[in-house]
Amino acid sequence: MMIRELDIPRDIIGFYEDSGIKELYPPQAEAIEMGLLEKKNLLAAIPTASGKTLLAELAMIKAIREGGKALYIVPLRALASEKFERFKELAPFGIKVGISTGDLDSRADWLGVNDIIVATSEKTDSLLRNGTSWMDEITTVVVDEIHLLDSKNRGPTLEVTITKLMRLNPDVQVVALSATVGNAREMADWLGAALVLSEWRPTDLHEGVLFGDAINFPGSQKKIDRLEKDDAVNLVLDTIKAEGQCLVFESSRRNCAGFAKTASSKVAKILDNDIMIKLAGIAEEVESTGETDTAIVLANCIRKGVAFHHAGLNSNHRKLVENGFRQNLIKVISSTPTLAAGLNLPARRVIIRSYRRFDSNFGMQPIPVLEYKQMAGRAGRPHLDPYGESVLLAKTYDEFAQLMENYVEADAEDIWSKLGTENALRTHVLSTIVNGFASTRQELFDFFGATFFAYQQDKWMLEEVINDCLEFLIDKAMVSETEDIEDASKLFLRGTRLGSLVSMLYIDPLSGSKIVDGFKDIGKSTGGNMGSLEDDKGDDITVTDMTLLHLVCSTPDMRQLYLRNTDYTIVNEYIVAHSDEFHEIPDKLKETDYEWFMGEVKTAMLLEEWVTEVSAEDITRHFNVGEGDIHALADTSEWLMHAAAKLAELLGVEYSSHAYSLEKRIRYGSGLDLMELVGIRGVGRVRARKLYNAGFVSVAKLKGADISVLSKLVGPKVAYNILSGIGVRVNDKHFNSAPISSNTLDTLLDKNQKTFNDFQ
């Protein structure tokens, strides 16, 4: 089927043809035949790079041309940004695109001017909770990566969000995009959707297992030169020599960095100098935007054509790595499986060095087939690679046979809803009541009876959990159940002021309850300055930053840091020294409770160092985390501190101003005195303190700065960017030279250095 045959505007057809899309792939043609452009619901369960995004675009374009609005739901912020950039290419045709991934307690009514809105599932759920005005104008919903219904963390929110959208507008078109899963037909039936199920790919995928000196594919072999001890390094070198790129999936962050260091010394020997000079530019940008030892290690690897990628890196470094790989400068990325979760970074060859993952309950366990297929599916760049290869590594023949049977030749597992637990349901029961989707127990049962969980399981199982959630919400004064004035046999459910606020703040009701109880333990106040209060048990509490930081760290919404053996003494000594700052300390004899409390305190200690401007390098060393982890914990605690401030206001206690102040400090990782400076683009906590200490305490002071003084302080390029960012016109002729750094020069010299053996 040719794209010019489709019932979409001619100018958009021209846009696609100009970009090389003239004929639809077979799964795309099948979707059109099944009614994609006729507002029919559709589930496309097809491999990576088989044209799922085009299906979404066509459905959204058709909806917009008919006066509708489209919502594109993604699981990850990074994927939202990627799709937003792609859809912005439709702007010349009058299609406005917006993105929303941020504040989870805002209505974002301004987004309503757009034709396509890109949002994460959590943000979409938040918009529904906050009564966003344009939500009922949505006529087409695209759900990307719908197989994540199977995820314990993200699945329940995605499932309830889809259910709400279909309830809000029964005529909405749902276009669901999925990996190939075992029960795609069941998912399609739940959605009332036609199913496109296909294994077709534009680039052939060869899945195999390396055993000995050959990759063994079903029915064929490929010999690999064993130049190095590490088989994965040999695969990498083989790929680069054939002008391809590699993704290497590891089981841990440490292994990612370790393999990158090992491989980089070998890869550098076969790269052109021109490429290495360009790599040097990326490496120097990594060094200039990082404060940690990890940044130095990453930069050194990048100089040699290899990078590592995981959640412990800061977002700037992850983007630099991704862009360097897309530009075919970085030849190898060693990554944790997070890279396979949605980002569009295909490669000629995918190497899966470890097929086991650590489980805290069961130790090292084999990964699911679906996870393997997601990683393998990254192999083969459409229109660039003649084929793609995914390779598992086996040490013995038995392991080789097992990997072939259990992964290469296996089908992906069925998807199962994770909604049926009190932890998963609690927040959604509250929001369903607060937002008016249900006002009685029966209406609540009916609403959740339309979920995927109810479609797969017996409804009575769900009703039992819903009743448990209701008892909790009623006990915590977040929901009331009252008799109907006219009919005493009818009981109506209502969200209280507390319940409504908790729902809008997008926190777990258990988190809301813990924060409220914490404030009650600290004590109530009618006003005045902060100081010592007496809690309900008669103990003096001195309210400090740590008091509030620990309060939010004690909630289930906050990810706790693990306790290492070396942490117990340090954290316990801190607790003893600061015992008057905690609203509650468990009895040490209750070992499980006390150990959990210590984990909360350790997490709060990290945040305390963050807001008091301890360097990121020192924090990573003190707490054994990555720079990306610091920012992730800061993001979560900022959101929870905002919630605590709002709840303090509702309760009438005096700590809301302290909480709001901490919220700002957590956002920037600095003291309040730097707030004006850290608001300048490109000025973080470190540069802001350097500027402040040099007398540049405000934007006004910076506007009068001598450019030479500023350049000596932060470097010419940064000085230029700062002044430009605050509206100062600067002659940029002095900022264009970019000399090669000593590290880059050393790398080039090492690469070209001759040894005695070269002359034998």
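Including glycine, each Cβ sits where the backbone N, Cα and C put it.
DSSP classifies PRO47 (ATP binding site) as coil under the three-state reduction. Residues annotated as ATP binding site in Swiss-Prot: GLN28, ILE46, PRO47, THR48, ALA49, SER50, GLY51, LYS52, THR53.
Here Swiss-Prot flags 33-199 as domain 'Helicase ATP-binding'.
Summed and averaged per residue, pLDDT over the domain 'Helicase C-terminal' (232-426) gives 93. Per Swiss-Prot, domain 'Helicase C-terminal' is recorded for 232-426, and the stated evidence type is sequence analysis.
Positions annotated as motif 'DEAH box' by Swiss-Prot: 144-147. The motif 'DEAH box' (144-147): residue composition by secondary structure is 2 helix, 0 strand, 2 coil, according to DSSP.
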Legend entry - Proximal but sequence-remote residues of the same chain as GLY51 (ATP binding site) (Cβ under 8 Å, at least 6 apart): LEU24, TYR25, PRO27, GLN28, PRO202
Legend entry - In the chain carrying THR53 (ATP binding site), residues 6 or more apart in sequence that have Cβ under 8 angstroms from it: LYS83, ARG86, LEU177
Legend entry - Under 8 Å by Cβ from ALA49 (ATP binding site), same chain, sequence gap 6 or more: ARG201, PRO202, THR203, PRO346, GLY377, GLY380, ARG381, PRO382
Legend entry - DSSP three-state assignment for GLN28 (ATP binding site): helix
Inset, instruction - Give the maximum pairwise CA distance in Å, whole number, for the residues GLN28, ILE46, PRO47, THR48, ALA49, SER50, GLY51, LYS52, THR53 listed as binding ATP. - result: 13
Inset, instruction - Determine which residues of this chain, when GLN28, ILE46, PRO47, THR48, ALA49, SER50, GLY51, LYS52, THR53 are set aside, have a Cβ within 8 Å of the centroid of the ATP site's Cβ atoms, and list them as they appear in the sequence. - result: TYR25, PRO27, ALA44, LEU55, ARG201, PRO202
Inset, instruction - Return the residues near PRO47 (ATP binding site), defined as same-chain residues 6+ apart in sequence whose C-beta is under 8 angstroms from its C-beta, sorted by sequence, else 'none'. - result: ALA179, THR180, SER198, GLU199, TRP200, ARG201, LEU205, GLY377
